[in-house]
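> Per TrEMBL, the feature domain 'Anoctamin dimerisation' maps to 84-146. Under the heading domain 'Anoctamin transmembrane', TrEMBL lists 149-720. Sequence annotations record features per position, and here TrEMBL assigns transmembrane segment to 157-186, 237-255, 301-324, 344-363, 390-413, 523-549, 573-597, 683-708.
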Amino acid sequence: QDEEKWDFVLVSDIHEIGSEKEIKRKKFLDELSKKRFTIKKIEDNKLFYGVRAPPYIFRKYQWLLRNPDSRLQDPSAHQDVPVTTRIRIVNFILQNTKTPDNEKLRDLIKKKVFEAMFPLHEKEDVREDLKQKWARWRDIFCQQPIEMIRSYFGEKVALYFAWLGWYTYLLGFAAVAGLVVFIAGITIFNSSQVSKEICEANNTIMCPLCDQKCPFWRLSDTCTYARVTHMIDNEGTVLFAMFMAIWATVFLELWKRKRASVVTKWDLYGWDEDEEELAMELINDLDHEPREYQHSYLRSTIVLLLVLLMIAVLIGIAHALVIYRVIATALFTQSESEFFREQANTVAVITGAVLHYITIVIMTKVNRRVALFLCDLEKPRTFSQRENNFTIKIFIFQFLTNFSSLIYIAFFLGRINGHPGNYVRIAGKWRLEECHPSGCITDLFIQMAIIMTLKQTISNLMEYLVPWLKHKICRRQKRPKKKHLVLGEEEEVEDPCKKQWLSNYQLNEVNIFSLFDEFLEMVIQYSFTTIFVAAFPLAPMLAFFNNLVEIRLDAIKMMRLHRRMVPRKAKDIGIWLQVLEAIGILAVIGNGLVIAITSDFIPVQVYKYTYSPCMTENSTAVDCLTGYINHSLSIFHVQDFEPHMKLAEKKPDFDMGEITECRYRDYRNTDDYSYTVQFWHVFAARLAFLILFEHVALCVKLIAAWYVPDVPQKVKNHLLEEKHQNLRKELSMIEYSTEV
C-alpha cells in the first residue's frame, strides 16, 4: 500500500503520437526518469502521470539541513520525512527540471503540453480529522487544530490560521468596546443639545443646496440627520479611537509572542529560508550556481515611476467618484420625485458608496496584473523576495483603491467648496458638495458601513459559491464517462489510483496566490477596522463576525473544494507584519485627523469653553452648548448670489415675507465673507488636538510595545538550554576522542 502513495500527479491532454506536444512531454518525463523518479501512467479522457521521488533525494535533504523534521512525524512515513516536506521538495524539483530544449514545467504548462500538476489529498487520518474538527460550520466558535493544519498544509498555512484565529479572538474585545460606544450614542439620541437646537430651528433659513431652482430650506427639516450625526459624533468616540490605537499595538505585540511560542514548538526558530532553497537547488542539480544578489538603480527608478503613475490613476478614480457625487446631487435635487429632492445628498452618498465598491472589485484585478508586471521588471532573486515585493505593491494599490474615497469624505468634503456667492465648481458648472450643518461624519459612517457590508457579504459569497459551483459542474460532467468505463473496460477501473486521481483533478485549481489573497483580504479589513474606526465604531464587530465565518469558509474550501495546496515552510507571517505595523501608525494618524477635522468634537469644545453662556454669563442653569448652532452658521445676503444662480420661483411656505438673507455652515463675516476670529480659534484648536492626540497615542503605542516583550521568557530559556546542551555534547565528544 505504501508503494501506491504518489507525491504529485501531472495531467495532460491526449496528444497525437509524434506531435510537438507529445515529444515535449516525453522529453520532460525522460528527465524525471533520469533522476530515478517512478512514473505511473493512467489513461482516461486525459492522461494522468503519477510521480514518486526516490528515497535518496530526501536522505540528501535531511543530511544537508540536519533536519529536525525527522522526529516530528510517524517514523514509518516516507524515510522519516513529513509528507508536507516531501511534497515541497518534489514540487521544487518538478518546477526546476529542465528539458534538453531548456524548458521548465511552467513553460510546458503555458504551451498546453501539461494541463495541471498537483499533490494529492490523502485518504489519511489527519485529513478526516481536519474535516471533522475544522472544516465544519458547527465548530465556528471552537479553537482551530493548528498542529493538524500544519501536518497537512505546512507551516505557512498553519501560521496564517493561527494569526487569523488570534486576530479574531482579540477583535472580540474591540467589538464589545465599539458596541458599548455605539449604544451609548443611541442613548443620547434625543438628549444632545446640538441636535435639539437643529430640530427647533424653524426660523433658521438655509441657503439653497444647488444652483438651479433649489429652494431655501429650514434647518429643522434635517432633524433626524442631526440626531444620527450626534449618535456617532460624541465624546465616547474620541476615547474609542484612542482605545483602538492601543488595541492595534497590543494585538501585534501579543501576536509576536504567540508566533515565537508556536515556531519554537515546531523547531523552526533558527530556520533559514535561503539555506533551504540552496539545499534544494543542489539536490535538484549538483552543478547549480546560486543567483547572485543584484541591484539596478535604473530598474528601481522605472519601477518607482510606474508605481507613482499607478497611484495617480487610482487618485484619478477617486476624483471621478467625487465628480459622480457632485453631478448626482445636482440631478437628484432637480428630480420629479419629492423623496429624491429632499434626500438628494444622502442618495448621492449611498449610490456613490455602491459605485465605489464596484470600482474596488474591478481595480483589484487590475492592481494584481500591474503589481505582477512590476515584479517581473524587478527580477527578484528568490520566490520569497518576489512575494515580498508583490505584497508591498499590491497593498499600496489596494489601500488607495479602498480608501481614496473615504479620505476625500473624511478630510476634503465641505472644506474646499467655497461659500455662497463664490462656490468652487467642477468645469465651472457643478459646485462641490457641502457638509450638513451638524458635520460630515455621517457621510463617512454611511460610506464605511456600505463598503464593509458589501465586501463582507458579496465577496464572501462569491469566494465560496464560485468554487462550489465549479466543483459541482465538474463532477456532473465527469459522471457519465465513469459509468461508460465501468461497463466497457472493467479491468482499467480496477486501478485503485484512478478514482483518487480523478476526484482530485475535479477539484478547483489552487495557485501560489491562494493564501496571499486571504491575507490581503484580512489586512484590508484590519485597515477598515482601525484607520477610520472613530467614524464607524461598529467596524470591529462586523469584522469579528465576518472572521468567524471566514475561518470555516477557508477551511471548507481548502479541505473539500480545492486541490491540495503545496505546503510551504515559514517561521513568521513575513512582510505582512511590517504592513500591519504601518497600518497601526496610519490608524493613529487617521483617527486623530477624523476627530480633529471630520468630527465636530473640536468646534463644540471650543464653543463650550470660550463662547458659551457658561463662560460669558457664568450661567450654570443652561446647557453650555446652548446657542452653538447659531454660532457655527454664517449669514449670507441673498443679493450677493452669482448672476447665473436661479432661485426657486415658488417660495416655500415661510411666514417671513421676502427672504433677504440665508445661513450656511462656516465661520465668516457678514460684510466681506472673510474668516472670523472664531475660525482661526477653531483651526488652532484642531491643530493642537491633532498634535497632542498623535503624540500621546504614539507614546502609548511605544510604551505598550516595550512593556510586552516580543519573545516570552519560556522561549528564550528553551533556546538558551538547547544551545547549552549542544555545546556540552560537542565538548564531551572532543574529550572522548582525545582520551581514545
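From the backbone N, Cα and C atoms, a Cβ is placed for every residue, glycine too.
Remember, TrEMBL labels are computer predictions, not curated facts.
Source: prediction; values computed, not measured.
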> Short question: most Cβ pairs under 8 Å with the transmembrane segment (157-186), which of 237-255, 390-413, 523-549, 573-597, 683-708?
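Per the Cβ under 8 Å count, 523-549.
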> Any contact between the transmembrane segment (523-549) and the transmembrane segment (301-324)? By contact I mean 3+ C-beta pairs closer than 8 Å, pairs at least 6 apart along the chain.
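Output no: the transmembrane segment (523-549) is apart from the transmembrane segment (301-324).
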> Which residues of the chain, 6 or more past the ends of the transmembrane segment (683-708), have a CB below 8 A from one of its CBs?
242, 245-246, 248-250, 253-254, 257, 584-585, 588-589, 591-593, 595-597, 602, 605-606
> Can you tell me which parts of the same chain pack against the transmembrane segment (390-413), counting only residues 6+ beyond its ends and a CB-CB cutoff under 8 A?
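Distant Cβ neighbours of the transmembrane segment (390-413) are 307, 310-311, 314-315, 317-318, 321-322, 352-353, 356, 359-360, 363-364, 367-368, 370-372, 374-375, 433, 435, 440, 443-444, 447-448, 451, 516, 520, 523-524, 527-528, 531-532, 535, 574-576, 579, 590, 593-594, 597-598.
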> Work out, from DSSP, the number of helix, strand and coil residues along the domain 'Anoctamin dimerisation' (84-146).
32 helix, 3 strand, 28 coil
> By Cβ distance under 8 Å, which residues at least 6 away from the ends of the transmembrane segment (573-597) in the same chain are close to it?
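Hits for the transmembrane segment (573-597): 159-160, 163, 237-238, 241-242, 244-245, 248-249, 252, 256, 259, 384, 387-388, 391-392, 395, 410-411, 415, 441, 444, 519, 523, 526-527, 530-535, 686-687, 689-690, 693-694, 697-698, 701.
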> Tell me, roughly as an integer, the mean pLDDT over the domain 'Anoctamin dimerisation' (84-146).
85
